[in-house]
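Novice: Submitted below is the structure of interest, expressed as structure tokens.
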């Protein structure tokens, strides 16, 4: 198992006031430049309005991450109830998660000790790492016998939510995108393992799907937790 990547060379000390000011000024500057307007002195009313807009963006992302985890949990429970009753799939489920090599923090208290850059990196690492599995999962689920349309619909919605959450993190923390992609490519298992998920043995196939749903539920909880921490810091309510 590969060691967890270190971000010590990229530390960013969290300062909510300074960080918010810089981001808001950048937003205003970009908007005015695009319109060909010289930047006026920004009054307090404009600052408050832009700060509220930024907070609203994070609140919406937190709501989306909550739905992302909730739907992942519902999908896992539906699959577990229909296919895994009386089976022992859960014994090895945790060990088989393809994101295990990243050693992302499981508990909130540990996640809260991380700065914003590291939290956003781990969020994007998890979301990117699920792009490939979700793509192939949707292809294979449509071929499963007696699988409810609700599960397929949930998987499609989860993929859509993941893309929206990725866009949110990318827009707020642009400089982390390249390091995150590099980190993921160094762990080839996150990209190559799911290129073929078709198995001749039905029990093995169900076991693999069970593991996927289990790991997705676990990782979506982490994503939800990280984004909510980022949101409460932006709102200064932590």
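Cβ atoms are placed via backbone N, Cα and C, with glycine included.
In case it helps, Swiss-Prot gives these features for our protein:
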BINDING   66, 224  Zn(2+) binding site
DISULFID  97-215  disulfide bond
DISULFID  232-238  disulfide bond
CARBOHYD  70  N-linked glycosylation site
CARBOHYD  92  N-linked glycosylation site
CARBOHYD  146  N-linked glycosylation site
CARBOHYD  160  N-linked glycosylation site
SIGNAL    1-36  signal peptide
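Each of these features: where is it, how hidden is it, and who are its neighbours?
Specialist: Cβ neighbour count for residue 66 (Zn(2+) binding site): 14 (other Cβ atoms within 10 Å of its Cβ, all protein chains included).
For residue 97 (disulfide bond), the number of other Cβ atoms no farther than 10 Å from its own Cβ, over all displayed protein chains, is 17. According to DSSP, residue 97 (disulfide bond) sits in a coil region rather than a helix or strand.
The Cβ of residue 238 (disulfide bond) lies under 8 Å from the Cβ of 112, 229, 232, each of which sits 6+ residues away along the same chain. For the recorded site, residue 238 (disulfide bond), the DSSP three-state label reads coil.
Spatially close to residue 70 (N-linked glycosylation site) yet at least six residues away along the chain is no residue at all, judged by Cβ distances under 8 angstroms.
Taking all protein chains in view, 6 other C-beta atoms sit within 10 angstroms of the C-beta of residue 146 (N-linked glycosylation site).
There are 12 other Cβ atoms within 10 Å of the Cβ belonging to residue 160 (N-linked glycosylation site).
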Novice: Work out how many Å separate residue 224 (Zn(2+) binding site) and residue 160 (N-linked glycosylation site) at their Cα atoms, rounded off.
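Specialist: Just about 15 Å between their Cα atoms.
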Novice: Return the member of 66, 146, 215 nearest to residue 160 (N-linked glycosylation site) in space, with distance defined Cα to Cα and candidates limited to these recorded positions.
Specialist: 66
Novice: Given the disulfide-bonded residues 215, 232, which one is most crowded in terms of C-beta atoms within 10 angstroms?
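Specialist: Highest number of other Cβ atoms within 10 Å: 215.
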